[in-house]
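Heads up: the structure comes next, in C-alpha cells.
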Protein chains: 2
Amino acid sequence: MSTGFTQHDPTRTIRAPRGTALTAKSWQTEAPLRMLMNNLDPEVAERPEDLVVYGGTGRAARSWEAFDAIVRTLADLEEDETLLVQSGKPVGVFRTNKWAPRVLIANSNLVGDWASWPQFRKLEAEGLTMYGQMTAGSWIYIGTQGILQGTFETFAAVANKRFGGSLAGTLTLTGGCGGMGGAQPLAVTLNGGAVLIVDVSEERLRRRLGKRYLDDVETDLDAALAKVLAAKAEKRPLSVGYVGNAAAVFPEILRRHRAGELAVDVVTDQTSAHDPLSYLPVEYTVEQWAAEAEADPAGFTKLAQASMARHVEAMVGFQDAGAEVFDYGNSIRDEARKGGYGRAFDFPGFVPAYIRPLFCEGMGPFRWVALSGDPEDIRVTDQALKELFPDNTHLHRWIDAAATHVEFEGLPARICWLGYGERHRAGLLFNELVRTGRVKAPIVIGRDHLDSGSVASPYRETEAMADGSDAIADWPLLNALTAASSGATWVSIHHGGGVGIGRSIHAGQVSVADGTDLAAAKLEVLLTNDPGMGIIRHADAGYGRAAEVARERGVRIPMAEH
Amino acid sequence: MSTGFTQHDPTRTIRAPRGTALTAKSWQTEAPLRMLMNNLDPEVAERPEDLVVYGGTGRAARSWEAFDAIVRTLADLEEDETLLVQSGKPVGVFRTNKWAPRVLIANSNLVGDWASWPQFRKLEAEGLTMYGQMTAGSWIYIGTQGILQGTFETFAAVANKRFGGSLAGTLTLTGGCGGMGGAQPLAVTLNGGAVLIVDVSEERLRRRLGKRYLDDVETDLDAALAKVLAAKAEKRPLSVGYVGNAAAVFPEILRRHRAGELAVDVVTDQTSAHDPLSYLPVEYTVEQWAAEAEADPAGFTKLAQASMARHVEAMVGFQDAGAEVFDYGNSIRDEARKGGYGRAFDFPGFVPAYIRPLFCEGMGPFRWVALSGDPEDIRVTDQALKELFPDNTHLHRWIDAAATHVEFEGLPARICWLGYGERHRAGLLFNELVRTGRVKAPIVIGRDHLDSGSVASPYRETEAMADGSDAIADWPLLNALTAASSGATWVSIHHGGGVGIGRSIHAGQVSVADGTDLAAAKLEVLLTNDPGMGIIRHADAGYGRAAEVARERGVRIPMAEH
Ligand SMILES: NC(=O)c1ccc[n+]([C@@H]2O[C@H](COP(=O)([O-])OP(=O)(O)OC[C@H]3O[C@@H](n4cnc5c(N)ncnc54)[C@H](O)[C@@H]3O)[C@@H](O)[C@H]2O)c1
Ligand SMILES: NC(=O)c1ccc[n+]([C@@H]2O[C@H](COP(=O)([O-])OP(=O)(O)OC[C@H]3O[C@@H](n4cnc5c(N)ncnc54)[C@H](O)[C@@H]3O)[C@@H](O)[C@H]2O)c1
C-alpha cells in the first residue's frame, strides 16, 4: 500500500483538461475529475502547491498521493461504480447502480466531544483528516465570483424588503473596502443605488477603482457626500470611497442625518472587526497601526473595541432614525459589546434579516461550469437562462453585470440565485443545450454548501431560527442522503466550513448535464428535491412563507397534510 | 398544520399487522410500516405508551402525532417516493427513483459545540428532537435476542483466539448475573465451556436457573468449584452461580490458581461497575446495600471503588498468571483506577481484544424479521441458512441454540454474525425463499448500528484504533451515503446511541427481500457494500487482516492499487 504523504509539492501545476476528448470513461466521471483539477488550477486555488483551494486550509485532496489515486480511479470508474473519499483520500470503490452518485465524500467530520480545533489539528498532522471548507473538498469552488454575487444578492434583498426592488434613489453607508468588503460598492450600484464606503486606507480604496468596482475616491467628506447625494437625488448609481475612520465618520454623518442635512437609507459595515488587531482605533493612523498593534496587543484591542462601540452606537442611531441597518458577518456587534456598548445587538445579522426569506423560497447560490473550457458556452447559458426567465429583471441585471465585471478563473463558470421550481428548469435547459450541441461539452451544475436546506450553523446560516432549532444537525444529513437518492453525481458531508470546527455541518451536491435522457431524469428530481429541503426545513421551523411556498408549489409536508 | 405534541398516551397499543394482506402500496413500504409498529409492540418496547423502545429514552417516533403521520404517509407512499424523518418526525416526501430508499432518517444529530446532554435535553423538551438510540429510531430493534447473541459471539471470539474454536475444557470466571450479564453463563456453555459466575444476589442467580441460562446455584465455594472443575476436566459445558462478592471471591480463587489447586482460563466481569452505587463493596451485605448507598453516596462510592480495585487487581493477577482477561464494557477499569489501583488498564476492552478482528472481516450483527408474523418462517430461514453455510459449525451451534433458548418478542426474528461475502448470499437466499413461497411473506433484513464499518465511537467500537482515528466520523456518514446508493429500503444516521450525546455517530440500513428481481439486485449490492465498509475502514486504519481480506475477496482500495 502506498504510504507516502506529500502535502507540499511546488513542482505540481494542475489545470483541468478542456475540450470534448474524454480522459475518463464517461462525462459522469470526467466531470468530477476536471472539477477536482480545476479547484487546484493556479487561477483558482490560493496555494495549489499545498492543495489549498481557499478559506485558510480548505483542501481539494489530503495529499498528492491521494490526489493521484483519485485521478487514477476516476479515469477508470464505470458508470455503475462509486468512489468513496474520506477527508480527501480515496478509500474504496463499490459497485452501485446508474442512479447512484459516482463519488461520495465526507470531509473533516469528528465525533462531537472531539470536535475542537486542537483535536482536529492533531489528527490532521497525523495525516488522518483534512479541512474540506465548503466547496474546496467537494470540488465545486469557482473563484471569487461568488463573493460579488453574494453581496449583490444581499443588497438586492435589502432593496426588495424596503425599497420596492431597487436601490435607485437611496444612499448606503458602509465601511471596509478589503478583500470581501470591496465587493460592496459594485453590489450597491448594480442594484441601482448610491453608496459611500469609508476605509482608513486610501490605497485599499484606490485598488478598487476601475471596472466600476468603485467609481470615485475622495479625501474631503463634504465633497464625497455632495457626489453621492446628487446621485441619490437623480436616482443614479454611484459609488464613492472616503478615506477616514468609520468610528469617527459614522457618528459625524449621523449628526448631519439627525440635523436633516442629508438622509442615509441603508447602513452596514465590513471592516475586519472580527479580529480587533485588524480594526484601526481612532487614536492611531494607518502608519502607526502595525507597530502599535504589535507593541501592545491587549491595549490595542481595548482601544479598537472602544472605537467599535462608537461605530456601532452610530449604527444603532441610524436605525433609531429610521434607516435599514444590519451586521454583515464581521462580529462587530460582539466586539462593540465588549467595548462597553449595551445596545450593540439592537440590529440583526444579515442572514436572519435578508437571506432567510430567500431560503424560505428555496433560493440559494446555484452555479454551473462549462467543461469545454470555452467562455462562449457560458455566454450561451447566460442568454438561454435569461430567455427561460424573461420576467426576472433581477436575474437579468445580475447576469448582465457578471458578464461585464467577472473575469473567469479556471473553467468558465456562472453563479446566480434560483429558488424552488426554478433550479430544475435551469438544469433541464442546460441539458438540452448539451443535447442539441449549442454548447460544446457537458455542463456541471452545483451549489455552495451555504444554501437553504443544506447547513446547520448556529453562528451564521441557522442563527436565531424562529423555533430555536439552530443547532439541530439532522437537516444537512437528510439533505445529503436525499441528494444521493436523487441522482446527484457527487455528494458531500462536511464539518466546519467557513465558521470552523465544532460550529457547522453542511452538505453539497453536484450533477452533470451531459445531454442524455438519464441526466434529464436525474436533474429534474435532484434540482427539485435539493431546494425542497430548504422549504421543508424552514416550514418546520415555523416560517409562514416557507409553508405557503410548500402549499403553492406542491412540496409535501406530512404533518401539514391533515 | 398539526401542532399537537403528545408523548405519553397509555390508551395506545401498537402491534404490527401480520399475514400477507398489504396495508401499504407495496412490501417496500409495508416493511418500514410494520417494523415501526413492531418497535412499539408491548412485547418489544420498554415503555410503548411513551414511544420508548429501549436504552433509556430511545424512541421510535417523536410524538404520537408524528407516529400517526408516518403511518399515514407510508400507507400511501409510491414506489418512487421517499419519506424524510427528522428525529422521529416526518418532515417531507420527495419523488426519487426505484433504487432510492423509501425512508431516510436522521436522529438526534447536533452541531459539535452543542452536542451535550444539557443542550439535547433542552431541545428535546422543546419538541425539536428525540433520542434515537441505535435501532429504536431506525425501526429494527428485535428485543433481547441481541444480548445473548452478542455475548455468545464474544465468547466464541475468545475461543477462537486462544482455545482452537471451542471453550470445551476451559473454565471461565466472571461476575454479575443481571440484565445483560445474565447472558454470560449460557453464552459460555453454548461455546462448550464451564463457567463460574459470582453475584452477591442469590435471587438474581436463581432467576436465571432453567432453560440452561444457568445450570446450578451454589452457596459453598468449594462445592461450586468442584462442579465446574469436574466439567472442565470432562470437557463438558456447565454453568454454576456462586453467591458471593466478586471483590472477595476473585482474590480467593486467584490464590488457589497461583497455588496450582485449579486453573482458570478466562476472566471477565459484568457487575454494574459503571455506577459505583450499583456495585456492592465488601463491607456491606445485600440487605444493607440500598440504605447505605442512600445514606452516604460519597462514602459508599469510595468503598465501592476500593472493592473494585481489589476486584481488578485480582483480574490483573489472573492475566499475569496466564489467563485470558478482558473488560466487558462496564467501566470497571476506570473505577478501579479511581479506587487507587495503578495497573487497572493492563487488560484490554472487549472490542479491541475480540470484536475488532471480526470487524476486519466485515463480520457484524446481521438480523432478519419475518413480516408474516409466523415463527415457522424463521424456522425455514434458520434451516436454509445452515444449508447455505454447511461447514460453519459456529453458525450452526448458534442457530440451534437460538431455536431452543430464544422466545420471540414481537415479529419473529433471528440474529447471527455474518461477514463480507456471506451477507449478500444470505440476502439472496431469503429473497429466493420469498419468491418460491417457502416463506409466507417478505423478510426484512437489517443490522445493529454497532457493526464493522458503521460507527465512530471512541469509547466503544472505535476505542484504541491502530492509527488513532477513533474520533474520525467520516466513516459512518460514508456508510449511510453508500447504503442510500446501494438499494437499501431505509437508511439512518444517528448521534449518541448506547454511549450518549457527544460520543458517537452511527448509521443503519434495512432492506426487504420481497422475492422480486429488483430486490435481488439491490440485496446483492447492498449486502456486499455494507460490510465492505468495515473492510476498507479497518484496512485504512492499518489492520493487516482487513487489507488481506480486501485482497482475497476483491474489495477495491484505491491507495493500495499502485
Ligand atoms: N458576510 C459574510 O458572510 C462574511 C464572510 C466572510 C467574512 N466576513 C467578514 O467581513 C469582514 C471583512 O472581510 P475582508 O476580507 O474584506 O477583510 P480585509 O481585512 O481584507 O478588509 C478590512 C478593511 O477594513 C479597513 N478598516 C479597518 N479598520 C477600519 C476603521 N476603523 N475604519 C474604516 N476602515 C477600517 C481596512 O483598512 C481594510 O481595508 C471580516 O470581518 C470578515 O470576517 C463576512
Ligand atoms: N458489553 C457491552 O457492550 C455492554 C453493554 C451494555 C452494558 N454493559 C455493562 O455491563 C454491566 C452489567 O449490566 P447489567 O444490565 O447486567 O446490570 P445489572 O444491574 O442488571 O446487574 C449487575 C449485577 O451485578 C451484581 N453485583 C453488584 N456488585 C457486585 C459485587 N461486588 N460482586 C458480585 N456481584 C455484584 C448485582 O447483584 C447484579 O446482579 C453494566 O455496567 C453495563 O453498563 C456492557
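Residue positions begin at 1 at the first shown residue.
Even glycines carry a Cβ here, placed using N, Cα and C.
In TrEMBL, annotation is done automatically, which means it is predicted and not curated.
Marked as domain 'Urocanase N-terminal' by TrEMBL: B:14-140. The NAD(+) binding site annotation in TrEMBL covers B:55-56, B:GLN133, B:179-181, B:ASP199, B:ARG204, B:245-246, B:270-274, B:279-280, B:TYR328, B:GLY498. The domain 'Urocanase Rossmann-like' feature in TrEMBL is assigned to B:143-354. TrEMBL lists B:357-551 with the feature domain 'Urocanase C-terminal'. Residues or ranges marked as active site in TrEMBL: B:CYS416.
Taking the Cβ of B:CYS416 (active site) as centre and 10 Å as the limit, one finds 22 other Cβ atoms among all the protein chains shown. Listed in sequence order, B:GLY175, B:GLY176, B:CYS177, B:GLY178, B:GLY181, B:LEU205, B:GLY241, B:TYR242, B:VAL243, B:GLY244, B:ALA246, B:THR271 are the same-chain residues six or more apart from B:ASP199 (NAD(+) binding site) with CB atoms under 8 A from its CB. Per-residue pLDDT, averaged across the domain 'Urocanase N-terminal' (B:14-140), gives 97.
Taking a Cβ cut-off of under 6 Å from any atom of ligand 2, the recorded positions B:GLY55, B:GLY179, B:ASP199, B:CYS416 reduce to B:GLY179, B:ASP199.
Residue density at B:GLY55 (NAD(+) binding site): 18 other Cβ atoms are found within 10 A of its Cβ, drawing on all protein chains shown.
Fewest other C-beta atoms within 10 Å: among the binding-site residues B:GLY179, B:GLY498, that description fits B:GLY179. For B:ALA246 (NAD(+) binding site), other Cβ atoms within 10 Å of its Cβ number 30. In this structure, the binding-site residues B:SER272, B:TYR279 were compared by how many other Cβ atoms lie within 10 Å of their Cβ, and the smallest count belongs to B:SER272. Here the domain 'Urocanase N-terminal' (B:14-140) has, by DSSP, the following mix of helix, strand and coil residues: 41 helix, 25 strand, 61 coil. Cα separation, the residue listed as 'active site' to B:TYR279 (NAD(+) binding site), rounded: 32 Å. Taken residue by residue with DSSP, B:ALA246 (NAD(+) binding site) is part of a helix.
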